[in-house]
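Beneath this line is the structure, given in structure tokens, with notes to follow.
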């Protein structure tokens with residue numbers, strides 16, 4: 001090799017090394033949020049709501065897999081505030097999960113900066129306030145995580161992307177609803193449903209929520225951000241192709257409508273290939289004695305007519321919804337956040353090391369309370385994770401108040417509900433719904449495989465009905481009345497993680513627990529140290545900081 005070429009190669013290698021050094025850390029995205037009260041009218045009735053930067057719903061977070069997110073939250077309310085990032089796994093970092101079990105609240109007139117990474121995740125998620133029924137007043141918004149540019153996505157780029165944040169809505173304020181629950185009363189039924197904080201009037205005065213160019217395909221990111229009711233989503237005259245659910249690419253089936261349970265998110269593709277006119281997207285309650293509906297206008301850019309007032313009907317009964325769930329299949333050949341196919345992880349070949357069976361119950365012996373395995377959770381003044389880190393668990397809570405089997409007597413006890421899980425164990429969790437309403441559960445910090453939902457009671461022989469090949473990886477699961485659901489996961493994310501009912505009333509009154517996953521090594525390889533900026537409260541507020549984890 002000649003001297004000139006050798007110098008050129010050396011120069012190129014230096015440039016490459018410099019580029020690698022510069023790109024060694026994933027990009028950072030910075031947000032500043034001012035949380036205030038303001039007037040909103042999701043059902044056309046002005047009421048006090050919670051705004052973020054003056055917006056309802058709040059500003060969206062757009063990021064790419066592995067980005068570092070920094071959100072400085074200024075609490076301008078007159079009560080404490082927290083934000084949780086629904087579906088974000090916070091690998092090794094439950095400090096940023098934003099639940100009362102991991103975080104001290106942001107006091108009025110103060111701020112706190114969340115710092116987390118969307119590590120190895122893609123998909124459609126949302127954030128919301130996690131204290132005191134604040135979600136009933138707003139404070140929620142969309143969080144989308146794109147695939148990295150070099151990772152193939154199993155569909156063509158859409159013309160545009162649209163959010164559909166839908167939910168049931170109460171016209172009573174969150175403080176009144178909270179007073180109801182604190183006095184042992186139910187919050188009752190919602191007064192309506194909204195789509196992105198509003199609903200079309202249908203009198204010809206509505207402006208389109210979104211427009212579509214004829215012949216183009218659009219991505220709709222749909223989340224149920226409500227408090228209580230599952231919703232059915234559909235668009236007049238347009239089939240919807242499901243492509244992703246809660247961070248997993250799925251086999252691309254086409255549906256007339258989708259049942260979206262509380263806390264769930266779906267990503268669908270819709271092609272504008274119908275007559276050039278206006279159409280309604282529709283969200284309506286499911287599994288209720290009442291029928292509440294919201295609609296929003298979609299307009300073709302060459303629209304020549306109004307939307308039909310005749311709305312497509314909602315399906316009837318929960319058997320339809322169960323069958324739809326069974327039709328969801330993991331796309332085993334598609335890449336997710338990493339280039340290797342999703343199906344390269346063979347969860348069906350891993351031995352189960354522990355089975356935890358959880359049963360919900362309701363009691364009115366001491367006012368209205370909900371429970372899991374007869375324990376109705378209450379949040380202590382000292383967050384559970386802080387008590388663990390500072391070594392004062394014995395002064396705050398007891399581990400494993402519940403056993404792995406529901407007791408015969410389901411009369412509830414009010415204490416912090418914390419179970420311990422062995423780091424990296426592969427565990428099966430069975431949810432049994434003894435009630436008359438559909439339940440929806442979420443587990444922070446993890447995605448799990450929803451391997452079965454069946455009517456009746458669970459028993460070990462029911463494992464023969466499990467889908468051990470292509471069950472979808474997700475973070476929420478619905479459980480139908482008098483039925484059970486089974487999930488499987490490896491507890492490989494150290495931290496304190498909230499498993500909760502997504503129904504606000506149930507969660508507020510105790511239908512939740514925390515799972516403590518401790519690394520025996522106390523190593524930074526498994527879990528991050530307490531952040532220097534972490535808010536402290538309760539009995540650890542003035543305690544000396546424990547020694548940090550080793551590297």
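Here the Cβ of each residue, glycine as well, is placed from N, Cα and C on the backbone.
TrEMBL lists 1-24 with the feature signal peptide.
Sequence annotations record features per position, and here TrEMBL assigns domain 'Plastocyanin-like' to 34-147 (among others). Confidence over the domain 'Plastocyanin-like' (34-147), given as mean pLDDT on the 0 to 100 scale, stands at 98.
The domain 'Plastocyanin-like' annotation in TrEMBL covers 161-302 (among others).
Taken from TrEMBL, the feature domain 'Plastocyanin-like' covers 382-521 (among others). DSSP states for the domain 'Plastocyanin-like' (382-521), grouped as helix (H, G, I), strand (E, B) and coil, give 20 helix, 57 strand, 63 coil.
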Q.
DSSP-wise, what's the residue breakdown of the domain 'Plastocyanin-like' (161-302) into helix, strand and coil?
A. 9 helix, 69 strand, 64 coil
